[in-house]
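Asker: Input: one structure, supplied below.
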Amino acid sequence: MNNYLRKLVEGQHLTEEEMYKAGLLLLNENILESEIAAFLVLLKAKGETAEEIYGLVRALREKALPFSNHIQGAMDNCGTGGDGAQTFNISTTSAFVLAGAGVKVAKHGNRAVSSKTGSADLLEELGVNISSTPNEIDYLLEHVGIAFLFAPAMHPALRRIMKIRKELNVPTIFNLIGPLTNPVNLETQFVGIYKRDMLLPVAQVLQKLGRKQSLVVNGSGFLDEASLQGENHVVLLKDNEIVEMSIDPEKYGFSRVKNEEIRGGNSKENAKITLGVLSGEKSVYRDTVLFNAGLALFANGKTETIEEGIKLAAYSIDSGKALAKLNLLIAASNEKLERVN
């Protein structure tokens, strides 16, 4: 590890292979916590490259719980966190809208790290059992169409690093790579990131991971979601080509909404917001979800255009299909799925 720390101190980038090996060292129980903290802080200070991100993702996916590869067509819509905006759980609420529209959603998430309420906190409050094994997750994806992958359970080797991240209390490379370490073999992905200068590197990593189609967004105000506040910077990965673009919500019929207007709270408050959206209540929360879910449906290839994606998202909610997916997940995740273990 000393060699890698020395390179980072000197401001040198690590190669993909060096980062892969450093990642394996970070997960080794014999490494000192001070070394882990130093590595994360030095890497953040230098700035992460696509090669470094992919190298670490390789190491983490290699050490994650094993999944079968028979699940086809799965998608994740996960933000990196780290934007400090304290918004409600936009991507988690949107996940049920995607599932209601017929997308198979493998939602990878965690408890709150830099926010008040993480996806795991919200889902627990709603009644979802977040403690699912890989076999149970496969079952839920096949029979319910949506499953939650609790990141600490999927990546047991990360327990020490999670503790150190909490103590550091600053965004690190792990905020960037969370959405990229989903152990399910995804075909498509919608990723929100808080760092605009990382749009292209993250898209390049998704390309290396073999995604058929993906959208990476940095929202107005540097939100890690698509924002109704103003222009959103986006990178589209399609047909193995990467295209940079900007998206204005007003073009799609949305009124401007400041990011402060969609702040969330604790898990109970955010659960109320999510249930309101999925029940069809008109609000700025609904519009934000429609925008994000519409973009995700476009990223998935479920629709040919963003406009069609937004319309399909609205249908998923207003038909009751999105809320039905939540209720199905609550019921199925709490069953003893002994038949699949």
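Just so you know, glycine gets a Cβ as well, placed from its N, Cα and C.
Sharing the record's features from Swiss-Prot:
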BINDING   Gly79, Asn110  anthranilate 1 binding site
BINDING   Gly79, 82-83, Thr87, 89-92, 107-115, Ser119  5-phospho-alpha-D-ribose 1-diphosphate binding site
BINDING   Ser91, Glu225  Mg(2+) 1 binding site
BINDING   Arg165  anthranilate 2 binding site
BINDING   Asp224, Glu225  Mg(2+) 2 binding site
Asker: If one measures from the C-alpha of Arg165 (anthranilate 2 binding site) to the C-alpha of Asn110 (anthranilate 1 binding site), what distance in angstrom results, rounded to a whole number?
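Answerer: About 13 Å separates the two Cα atoms.
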Asker: List the binding-site residues among Gly79, His108, Asn110, Arg111 whose C-alpha is within 10 Å of the C-alpha of Asp224 (Mg(2+) 2 binding site), in sequence order, or say none.
Answerer: Gly79
Asker: Could you state the whole-number distance in Å separating the C-alpha atoms of Thr87 (5-phospho-alpha-D-ribose 1-diphosphate binding site) and Glu225 (Mg(2+) 1 binding site)?
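Answerer: The separation of the Cα atoms works out to 9 Å.
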Asker: Hey, how far is Ser91 (5-phospho-alpha-D-ribose 1-diphosphate binding site) from Gly79 (anthranilate 1 binding site), Cα to Cα, in Å?
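Answerer: If we compare the Cα positions of Ser91 (5-phospho-alpha-D-ribose 1-diphosphate binding site) and Gly79 (anthranilate 1 binding site), the gap is 7 Å.
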Asker: Say we define neighbours as other CB atoms within 10 Å of the CB. Which of the binding-site residues Thr87, Ser91, Asn110 has the fewest?
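Answerer: So among Thr87, Ser91, Asn110, the binding-site residues given, the one with the fewest Cβ atoms within 10 Å is Asn110.
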Asker: Rounded to the nearest angstrom, how far is the Cα of Gly79 (anthranilate 1 binding site) from the Cα of Arg111 (5-phospho-alpha-D-ribose 1-diphosphate binding site)?
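Answerer: Their Cα atoms are separated by 13 Å.
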Asker: Using the alpha carbons only, what distance in Å do you get between Gly79 (anthranilate 1 binding site) and Glu225 (Mg(2+) 1 binding site) once rounded?
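Answerer: With the alpha carbons as reference points, the distance is 6 Å.
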Asker: Validating a neighbour-count step here. Other CB atoms within 10 A of the CB of Arg111 (5-phospho-alpha-D-ribose 1-diphosphate binding site): how many?
Answerer: 18
